[in-house]
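Visitor: This structure is in structure tokens; I'll ask about it shortly.
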Amino acid sequence: MDSMRRSSVGLLIGLLLIRFNWCSVVGGEGAGEVGVAFPVVVSTWPFREAVRAAWRVVSASEGGGSAIDAVVAGCSACEELRCDGTVGPGGSPDENGETTLDALVMNGATMEIGAVAAMRYVKDGIKAAKLVLEHSEHTLLVGEKATAFAISMGLPGPTNLSSSASIEKWEKWRQNYCQPNFWKNVVPVGKCGPYHPINLSSVEVEDSVKNGVEGSQGGLCQGYYESDNFLEPIKSHLKIVNRHNHDTISMAVIDKMGHIAVGTSTNGATFKIPGRVGDGPIPGSSSYGDDEVGACGATGDGDIMMRFLPCYQVVESMRQGMDPRDAAKDAISRIARKYPDFIGAVFAVNKEGVHAGACHGWTFQYSVRNSSMQDVKVITVYP
């Protein structure tokens, strides 16, 4: 009997170790290594220093930090490094030359979320989002009121979020007649606006706008009035969306206890219309996580992707039994069927730490670290 009891106890301990430390998986195309070990950190793009920062927190020898704290540390590192110029202060100016921040953090154990959007004058986007989560019953604060909240909670500010690089980029864009931009079905009064809508059914409106522009600008904008393109919808945003101006850090962490957290930080689309909020602070779009299932992070054309909540879709697909690779591909394909020209990507990681990615319109990379690795590994995913 004693030997049977010892065997039973040994089996139980072994099962617990498998659940909380080592989970063997079969890695398919775009998936991770076979020996997955908790904790796990996954991030969009080759943001190695961000993953290392999160790893230092979550893998600490004495118990390890929480998944939430690790996500905040990782995203904060990317904000400080200004990853690709599209995370944190000092990049991605809007049409007025100003940089604003969007960020989100989510606790996969409680499903609590804190987020800020179009936040001005505070450089710590992800920390502000965590303060919303910890010190309010709300999910999302926006604009100058988000700024006031963050400063009242102790974050430094007000701070100018522009940099010499972002201002130089904005000035060159202005010199290029503010092209490309995110307007459509409009005509400008002046080389950079203001813009007026084109009424496709009214010749009177067409003549009025045309005469107004010619009277104030002479021949400067005559190119807009060629018979072949005057009423053609402007879709210049398709020319502006690429890796280095639609970048986001989205990160997922599974800590030693198997708890999941996700976070996102971005300074948005370059030359966005002031007031624009992308998918970064939108739960289920840029990121989503649930302890019972797994997590997802996204990057790309947020104006398109947020219409589909791809990360919510990924997590729910995994809940229904899909593996991470199929769940990621399914979420991206749903967008591509409606918007074949969009660019974007997601990574998926289930609660056992199995990870995969999918993309459309570009080659995507994501970064991973777990206890079986000596350092961060970058996974490349092809469309």
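Each residue, glycine too, has its Cβ placed from N, Cα and C.
Caution: TrEMBL annotation is automatic and unverified by curators.
As listed in TrEMBL for this protein:
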ACT_SITE  Thr248  active site, nucleophile
BINDING   Arg276, Val277, Gly278, Asp279, Thr299, Gly300, Asp301, Gly302  substrate binding site
SIGNAL    1-23  signal peptide
Visitor: So how many other Cβ atoms are close to Thr248 (active site, nucleophile), meaning within 10 Å of its Cβ?
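Guide: Thr248 (active site, nucleophile) is surrounded by 30 other Cβ atoms within 10 Å.
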Visitor: Measure from the CA atom of Val277 (substrate binding site) to the CA atom of Thr248 (active site, nucleophile) and give the result in Å, rounded to a whole number.
Guide: 13
Visitor: Let's check the environment of Asp279 (substrate binding site): how many other CB atoms sit within 10 Å of its CB?
Guide: 32
Visitor: What is the number of other Cβ atoms found within 10 Å of the Cβ of Val277 (substrate binding site)?
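Guide: By my count, 21.
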Visitor: Take the Cβ of Gly300 (substrate binding site) and count every other Cβ within 10 Å, whichever protein chain it belongs to.
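Guide: That number is 30.
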